[in-house]
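These features come from TrEMBL:
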{"type": "BINDING", "residues": "A:25, A:26, A:27, A:28, A:29, A:30, A:31, A:32", "note": "ATP binding site"}
{"type": "DOMAIN", "residues": "A:4-283", "note": "domain 'UvrD-like helicase ATP-binding'"}
{"type": "DOMAIN", "residues": "A:284-558", "note": "domain 'UvrD-like helicase C-terminal'"}
DNA sequence: GCCCGTTACGTTTTT
DNA sequence: CGTAACGGGC
Ligand SMILES: Nc1ncnc2c1ncn2[C@@H]1O[C@H](COP(=O)(O)OP(=O)(O)OP(=O)(O)O)[C@@H](O)[C@H]1O
C-alpha cells in the first residue's frame, strides 16, 4: 500500500498494528485519516479479515464516511467490518442476546421526550411535586449514574441526603418501568451491553475473539461506560488503537471524561504514543488564532501544531447592530466569496445554540440562497410522526405500554384517562401489559361501549402485526395510517394544521422508502427501522449539493470547510451564560471555540450582534471573552457603512406591496384569489401587517395568508 | 371524555 | 417568543 502521502509519525501509527496505540494530536493533524489508512493497511497488507475489525466513530455519518474512504483506498471487501457509533454497535449486540438478561429482543429505544414522560409518570405515582423537583433533574441524575455504571442498587446504597434518596427512588421506578416495557434509553444501550458481557462470559468472549483489531475515534469524548466497554472488548487481543485530542473534548455534559486518556496509558503500560504536530487543514492565521485561544486554558498539556499551508487572509470580524443584520451581512459575504470562486457547499455557518439558526435562515431565504440545516431534530418530534412511530412500536412489540398509551386514544376513540388508569391497574395486578389487560376489558368494570372500542383496536393491532411479517416498512405505514383511521381523521379535519400533517407523513414515507430500498423484508425489518430512527439523527443530511451548511459547533466536530462563519460571539451566548460561573465549564466552552475555529481551511468570518433578542426581550450584548483572546493583528473589521443604507431602503420598499390596507376581514367572509380561486375565511388572527387569515379554498384546500399582503379580494 | 384558553417556563450542546 | 402542562366549561 502506498503510504508516501503520509508523514513519518502518521506512517508509524498506521503500521503499528499490534498492541495498544494512542494517537494524541491537535486539530486537522490527520488523526481520522490515520485511522482510515490503518484499517486499509490491516485489510490489504496484513490480510486481516474485515470480520475481525471494529471501528468506533462519534456519529453515524462519520461511520458511513469512514467506510466509504476505506473502500476507495482498497479493493478488499469491507462489508463484514463493524464501523459504527458506540450506540449502534450496542444495539446490534443486544439485538442478538438481550433476552439473556430478561429484556425482549424487540426492545424499543426511548428519546428524551419519552424519557421525560416516564419520569413524570413516576413522580406522579410517588406524589412528588413537579414544581419543586423538575423532571429534567431526575433525568440528568439517572443519566450520570448510568454513564458511571452505577446501578439502582448501588445508587440507593450511596444515598446520604433526603434528595439523594428521592433521586435514587425515582431512578429505581424509572428503571423498573423501562424494564417492564423492554424499553432502553441511550445510556442503557451501553450499560446493559456491559451487564450482558459480565453475566454471560460466552457472549463476551465471542466478541473478544471477533474484534481482534479495535479502533476508537474522538477518544477524548468517551464516557466511563464506553471506556469500560472498550477495555472489556480489547482484553483478549490488546490490539487497540485510540485517537483523539484533549483540547477538543466538548461533551462533558454527556459524561465525557478526559481522564480516559490518562487511564489508557495506565491500563496499557506498553502503549505506544504517537504525536502529530503538522496541521494539513488550516491557514497559518487561522491556526495561530486557535492556538492562542486554547492557550488560555490552564488545565492542559501544551502541544505543538504548525501548518505549511501558507499564511492566508486575515480573519474578518463583523459587528452587526442586531441579529437580523448579522444574518444579511453574512449572506452578502457569502455571495462575495462565491464570486471569488468559493462554492456554497464549501461554506458553513456555525453557532453555539440551535436557536441562533433562525435569523440566519431568514436571511438566506430572503436572498434565495441554497442551504441545508443539520440537526434541529424538529421533524421527528412532530406529533404525527411520533404517533406513527408509536403505532409501529406497538406492532413490533404490543407489550410496549409507553407506546401503547400514546396511541390508545389517537385518533380519538373515546378511551380516556379513566379507562387507561383501569387498564394500567389491571396490568399491574396481572403482572403484564396494557395490551393483555385490554383483552379482559369486559370484566374489569370498563363500560360496554368502551370495551368494544378496545376490542376493535386490539384486532386492528393483531392484524397489523400479521401484515408486518410480509410487508415493507412503507407498505406497513400505509396500512397503519389506513387501518387505524389516523389518515381519515386528518383528511376530515381539513385544516391548515391537518394538511401540513399529511404532508409530513408523506415526507416520512420518503425516509421509509429509502430504508426499504436498502433492506430486504425479514423478521428484523421493523426493529431495524425503528432503531435506525432512534440512532440516526438527521445529521446524515449533509449532501453533495451546492448549498451552505448550517449547524451547531458540536455537530461540526471532525468536519472541515473552506469557509467558516462563526456567529453570535457574545458573552452569555458563546460562552453560554450557564458556563461562565466556573473555570472548568469555561474551559470546556473555550475548547468549543477551538473546535469552531479549526474547522476552517481558508477563510474565517466571525460575527456578533450588538443587540440580541432572546425570549422576545432585546438586550445589549458584550463582545465574547474568546474574541478578545484572538490577537488583534489577525483580525480585520469590515466597514459598517454600506449596511445602514441597505436596510434603510428595504424598509420603504416593503410598504409598496400592501394590497388590502384598511380592508377588514372577518370569519365567514367569502374571498377570491387569482391563483387559489374562491374561498371562505375560517379564522382571523393578529392585527395590522401581521393579521393572518385562514382560508379554505374550494380548489386547493386550506391556506394561511397575510391579510394586508395577499392578493385576495372580498366577495359579497 | 373533549376542547380550548391560560399560565408558567425555558435554551446550551446530542448519541 | 413558543411550547406544554393544567383547569374550567361543555
Ligand atoms: N499527510 C497528509 N498529507 C496531506 N493532507 C493530509 C495529510 N494528513 C491529513 N491530511 C488532510 O488534513 C485534513 C485533516 O485531516 P483529519 O480530518 O484526518 O484530521 P483530524 O486530526 O482527524 O482532525 P480533527 O481533530 O479536527 O477531527 C484532511 O483534509 C486530510 O485529508
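Each Cβ is built from the backbone N, Cα and C atoms, and glycine gets one as well.
Those TrEMBL annotations? Automatic predictions, nothing curated.
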- Proximal but sequence-remote residues of the same chain as residue A:30 (ATP binding site) (Cβ under 8 Å, at least 6 apart): A:6, A:7, A:10, A:276, A:278, A:280
- Could you name the residues, excluding A:25, A:26, A:27, A:28, A:29, A:30, A:31, A:32, of the same chain that surround the ATP site, i.e. Cβ within 8 Å of the Cβ centre of those residues, in sequence order? A:245, A:276, A:279, A:281
- Spatial neighbours of residue A:28 (ATP binding site) that are distant in sequence (at least 6 apart) but have CB under 8 A: A:279, A:280, A:281, A:282, A:307, A:560, A:598
- Message: Can you tell me whether DSSP puts residue A:25 (ATP binding site) in helix, strand or coil?
- Response: strand
- Other C-beta atoms that fall within 10 angstroms of the C-beta of residue A:29 (ATP binding site): 28
- Message: Return the residues near residue A:27 (ATP binding site) by Cβ distance under 8 Å, restricted to its own chain and a separation of at least 6 in sequence.
- Response: A:245, A:247, A:248, A:279, A:281, A:282, A:290, A:305, A:594, A:595, A:598
- Note on the structure: Across every protein chain in view, the count of C-beta atoms other than its own within 10 A of the C-beta of residue A:31 (ATP binding site) is 26
- Message: According to DSSP, does residue A:30 (ATP binding site) sit in a helix, a strand, or coil?
- Response: coil
- Query: So what's the average pLDDT for the domain 'UvrD-like helicase ATP-binding' (A:4-283)?
  - Reply: 92
